[in-house]
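Participant: Here it is: the structure, laid out below.
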Amino acid sequence: MSVETLIAMLASTTAAATPLIFAALGELVTERAGVLNLGVEGTMLVGAIAGFAVGLTTGSLTLGYLAAALAGVLMALIFAVLTLQLQTNQVATGLALTLFGVGLSAFLGKSFAGQPIAGLPHLSIPLLSDIPVLGPLLFRFDILVYASIALYVAVQWFLSRTRGGLLLRAVGESPAVAHAIGHPVQRVRYAAVLFGGACSGIAGAYLSTALTPMWVEGLSAGRGWIALALVVFATWKPLRVLAGAYLFGGVTVLQLYAQGFGLHVPSEFLSMLPYAATVVVLVLICRDRQTILLNQPASLGKPFHPEL
Amino acid sequence: MSPPRLALHGITKRYPGVVANDGVGLVVQPGEIHALLGENGAGKSTLMKIVYGVTRPDEGRIEWEGREIRIDSPAQARALGIGMVFQHFSLFETLSVAENIALALDAHEKPAALAPRIRDVSQRYGLPVDPDRLVHSMSVGERQRVEIVRCLLQQPKLLIMDEPTSVLTPQAVQQLFVTLRRLADEGVSILYISHKLDEIRELCDVATVLRGGRPGGQAVPRDESNDSLAQMMIGRELAACSLQPRAPAEIELELTQLTLDSGEPFGVALQGIDLRVRGGEIVGIAGVSGNGQKELLAALSGETRCTARGMVRLAGDPVGHLDPAQRRRRGFGFVPEERLGRGAVPAMSLAQNALLTGAPKGLVRRGFVRMGAARTFARQIIERFAVKCRDELAPANSLSGGNLQKFIVGREILLAPKVLIVAQPTWGVDVGAAQLIRQALIDLRDQGAALLVISEELDELFEISDRIAVLAGGRLSPLREPQATSVAEIGRWMAGGFVGEALDAFIEIEEAADAAA
């Protein structure tokens, strides 16, 4: 296998992993606050069309990504008002949000289907990208790839090193206790849900402007669900989310090449592989019940009524 | 004379359908240990929530060191110098001690920077605490120390303690009292809420009594007896339970080398438990929760199946492999520790809850529920055990803890079990209801049933048990008759002392052998 193939494979792996990292890290923060938002898939789709539409009409992908993040926040706001304020069931509301997002994005995207857009440009970092082999391998991605790594570092640092992160984890473990000692449980949860929404929105925009630079109805193809599964199987640990996302990306690319080599396996099975492999590997990782119980936010999915 | 530290005047708080506090007053002086007494639902918790800024009163004035103030939030209460140690500990299990404390301090400090201060305070007041330990690995007594240290770091002027001793061994209680007295000597006022009248008489300078949300008078606990205090709380005299000696009958419940791993990450494995309970006998199992109680209950009820069928026997028949329903059909009865969720389904009516375990009593015919019969059965329980509720159609979660417990105990007793397993029969139940429940258990014993009572309340076990043992670290101590042991010995055993004692005895024998040689 040539160096070029290897570079190409790594580049596609990274591209497939990046949206998952955004969506899953956002959801991880949301869940760490004890809120289960199953609307990731729908939020990603709305972010995808918002990013695509704004990016295409204004010609600025920066504005497109801002719009995607904003769309994600708005979707999350609907979820937050319903579940946190009006105390609706989080699972049902999240599912409804996904259905809503699928429909809304299809509706908004009608006139954009099939239009071409200039995809997110690949950076080429001066000097570094000229290093033979390593340069093209590591320093010629688009900016969101680097941003996803930065987001991982930021989330990890926030959760383990800052008071805000401590408070977030505390709220996720026991909102009642956090409330009793005087912390603003609702505000923390709102912030976490909105952050998750913004991340999902950006993840969606990456799909429509970088991964496959065009709008197709339902282009997220279940990646929102994979992101949700990643969070759980990564036992709410950011590093495992990162690893899981790259695993998914890697198998996605491998099966594409396998299809290219003309293996005598129905292509549907190969397309299924990344999903199955990710789930299987992560299930194996998280077999230890202890880790789950220590890291799973104890109040996950449970409504909290602050006493009046 | 300086103004009182805290004075409440005419505090009234109404919730939909109930007045929790009705014109209640309370005056706490600096350096005073002040008891707040009352039955369940007398409004103690509401009053403390008002003082700690969790709830706001509808009427009334609050004075702090002579100034009239409003307390709008716990943060404001802490800023004034009010600290609270909660009844159900307000600690986050997956965080470390320092992280827990950092979260509760209003000044933003890094957990790492707090560690030396935590060590300092814990040494000064004799409350050993390791800042880096994760809370889930700590015993209940240790957790309470964390709570107290957390309060002390804020140099409180008023410390509120809600039922602080309900989970402590007698020795730990004495340690706590030493700390509290030292704090009081330093001028800290302490508001002490407890059901345990002995402790209040030992520790507190003044007691304010609440009765049904209304002021019930003041007393100096040292000058009162348990009976007179109880009378102030419930407004009538309290009958005592009586346990008449009985000749032991056949062995009904037998545990043989019951050894089980706990499925929980922080659980305790049961190690070789041997126990025989005869008909007409109450065996009390003392011990601090988290020493295998949960696991023992699960093994007895059948929620955890035993690895060998003979580990649990009912009247000689092995039942270790049977599930809870099969065991019930053979004559087991259970009163679990959690009333809502295990003992009763919260949202279901009392009649439906009666049906859940009472079904074999003819409440179901050919697979159809006889709701009329279930309601009659529920009404019977309500009447016999003086359960305060709207009617048999009231949902289980609308009852107070004590009344629901009366209902659950009553339901199991009316099913006439051969063996009744009861966990924490009077936990959080007020004195009047507790007395009724204990008497009911004794009556069942007198009818010839075998009872196993698991409780943290030593006084209770001494009152109703024919024999007592301690469960500590998953092991069962030797059984003693109450007359042949003492609270001090059982307390030592609760801290795992019986294992050490056996070891000491062994070492003595060895040493004697060495000396002889």
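Cβ atoms here come from the backbone N, Cα and C positions, even for glycine.
For reference, TrEMBL lists these features for the protein:
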- A:6-26: transmembrane segment (TRANSMEM)
- A:38-57: transmembrane segment (TRANSMEM)
- A:63-84: transmembrane segment (TRANSMEM)
- A:91-113: transmembrane segment (TRANSMEM)
- A:133-159: transmembrane segment (TRANSMEM)
- A:190-208: transmembrane segment (TRANSMEM)
- A:214-234: transmembrane segment (TRANSMEM)
- A:241-257: transmembrane segment (TRANSMEM)
- A:269-286: transmembrane segment (TRANSMEM)
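Neighbours and distances for these, please.
Facilitator: Long-range neighbours of the transmembrane segment (A:38-57) within the same chain, counting only residues 6 or more positions beyond its ends whose Cβ lies under 8 Å from a Cβ of the stretch, are 19, 23, 26-27, 63-72, 75-76, 79, 90-91, 93-102, 104-105, 108-109, 112, 115, 117, 196-197, 200-209, 214-215, 218-220, 222-225, 227-228.
Cβ atoms under 8 Å from those of the transmembrane segment (A:91-113) belong to residues 36-46, 48-50, 52-53, 56, 75, 78-79, 82-83, 215-218, 224, 301 of the same chain, restricted to positions at least 6 beyond its ends.
Remote same-chain partners of the transmembrane segment (A:190-208), defined as residues 6 or more beyond its termini with a Cβ less than 8 Å from a stretch Cβ, comprise 18-23, 25-27, 29-30, 32-33, 35, 37, 39-40, 43-52, 55, 64-65, 67-77, 79-80, 84, 117, 120, 144, 151, 168, 214-215, 219-220, 223-224, 227.
Sequence-distant contacts of the transmembrane segment (A:269-286), counting only residues of its own chain at least 6 positions beyond either end whose CB sits under 8 Å from a CB of the stretch, comprise 16, 222, 226, 229-230, 232-235, 240, 244, 247-249, 251-252, 254-255, 258-259, 263, 292.
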Participant: Under 8 Å for C-beta pairs, could you tell me which stretch among A:6-26, A:63-84, A:241-257 has the largest tally with the transmembrane segment (A:214-234)?
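Facilitator: It is A:6-26, which has the most Cβ pairs under 8 Å.
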Participant: Where, among A:6-26, A:63-84, A:241-257, do we find the most CB pairs under 8 A to the transmembrane segment (A:133-159)?
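Facilitator: Most Cβ pairs under 8 Å with the transmembrane segment (A:133-159) come from A:6-26.
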